[in-house]
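As recorded in Swiss-Prot:
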type	residues	note
ACT_SITE	D66	active site
ACT_SITE	E125	active site, proton acceptor
BINDING	H64, D95, E154	Zn(2+) 1 binding site
BINDING	D95, E126, H339	Zn(2+) 2 binding site
Amino acid sequence: MNVIDLFKKLLSFKSVTPDDDGGMEFIKEYLKGFEVIESEKEGVKNLFIYKKFGEGDHLCFGGHIDVVPPGEGWNTDPFTPTEKEGFIYARGAQDMKSGLAAFLWAMKNAKNFKGTLSALITSDEEGDAVWGTKYMLEILKDKNLIPDYAIVAEPTCEKVFGDAIKIGRRGSINGVLKKIGLQGHAAYPEKSINPIHKVAQVLHKIAGVDLDDGDEFFAPSKFVVTDIRAGMEVTNVTPGELKMMFNVRNNTHTDKEKIKNFIHEHFKDMNYTLELKQSAEPFVTNPDTKVVKALDRAIKNHTNITPQHSTAGGTSDARFFAKHGVKVVEFGVKNDTIHAPNERTTPEEVNKLADIFKEVIEEWN
């Protein structure tokens, strides 16, 4: 089975998160001869496949078999991979069954690796991500099987295949600020405290503001207001409370305490409450580490492109590897149609991705 046949087989599983639709059993059979550790909790399946070839490094490939629901607007059946006009169309074509097929094929066909080679695959990356990679890594920790290095095969490339490696990710902090006012009649504003008017006075000072200067790896952390609600949808009552929701995609220079102080600085003269939740921690892998250099070389060899080292974009399961001290990076196909109708990629990208992963494995030692 070549990598394109494997890719199409994986695309045919209707693995809408957290259902794997039998895909995990197929993968176990495909890599028969590898050791297997499995977990299943709250409908989420995780699969860790590994083989020890020698006493060298433990290199792990990470990925997910689950996909988002296909939605409307497709010109083909989203779970029947369709090849036309130089593309393969199906849900998960870019995110991320291309990456999954590429590293599974590479693991099966690569030679001369002298350490431990593994793959951690979950059916819960697109969902809540509570019982997926995060949970499985705790199991591996108890078994002393945490890898030294990891490559998560998420789609990372922007304009052309090979142009970007993710060497880190920003974190994500969500906030809810409630401004307490005093409800009253719109005809007597002097008898009420209108939280809309109060917040409006400072909103232009905080919306879109950079909270730090960033650094060589990260853009500045930015304060982004995402929702403001107040009132009862009537014109003659001023509201008694306003709720403002916001998000900060934070780098390593901004944390919850810094955001708390930023809010207090601007709202200290007002009656308010604040809730902050860190849903993802930021991380960065040094570009001089072995895994980054290995990917750089292989990408250059197969595309003649020197990839950019990026930390842009949202969160991914790579953050869970980083929390265990794993030197982790991400690399995969282009990401221009992820989660969209008519998601697609090219056979050329999938073939090159598989060859790159194979070279990384074979040239590792």
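Cβ from N, Cα, C; glycine included.
Worth saying up front: this structure is predicted, and the values here are computed from it rather than measured.
Features as recorded by Swiss-Prot, highlighted on the structure.
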residue: H64; record: Zn(2+) 1 binding site; Cβ neighbours (10 Å): 32
residue: D66; record: active site; Cβ neighbours (10 Å): 28
residue: D95; record: Zn(2+) 1 binding site; Cβ neighbours (10 Å): 25
residue: E125; record: active site, proton acceptor; Cβ neighbours (10 Å): 27
residue: E126; record: Zn(2+) 2 binding site; Cβ neighbours (10 Å): 21
residue: E154; record: Zn(2+) 1 binding site; Cβ neighbours (10 Å): 25
residue: H339; record: Zn(2+) 2 binding site; Cβ neighbours (10 Å): 15
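Of all the recorded positions listed here (H64, D95, E125), D95 has the Cα closest to the Cα of H339 (Zn(2+) 2 binding site). Cα of H64 (Zn(2+) 1 binding site) to Cα of E126 (Zn(2+) 2 binding site): a span of 8 Å. Separation of the C-alpha atoms of D66 (active site) and E125 (active site, proton acceptor): 7 Å, rounded to the nearest whole number. Cα of E154 (Zn(2+) 1 binding site) to Cα of E126 (Zn(2+) 2 binding site): a distance of 12 Å.
A gap of 10 Å separates the Cα atoms of D95 (Zn(2+) 1 binding site) and E126 (Zn(2+) 2 binding site). What surrounds the Zn(2+) 1 site, by Cβ distance within 8 Å of the Cβ centroid and not counting H64, D95, E154, is the set G63, M96, G99, E125, E126, V152, A153, P155, S316, G332, I338 from the same chain. Within 8 Å of the centroid defined by the CB atoms of D95, E126, H339, the record's Zn(2+) 2 site, lie the Cβ atoms of V67, V68, G92, M96, I338, excluding the listed residues themselves.
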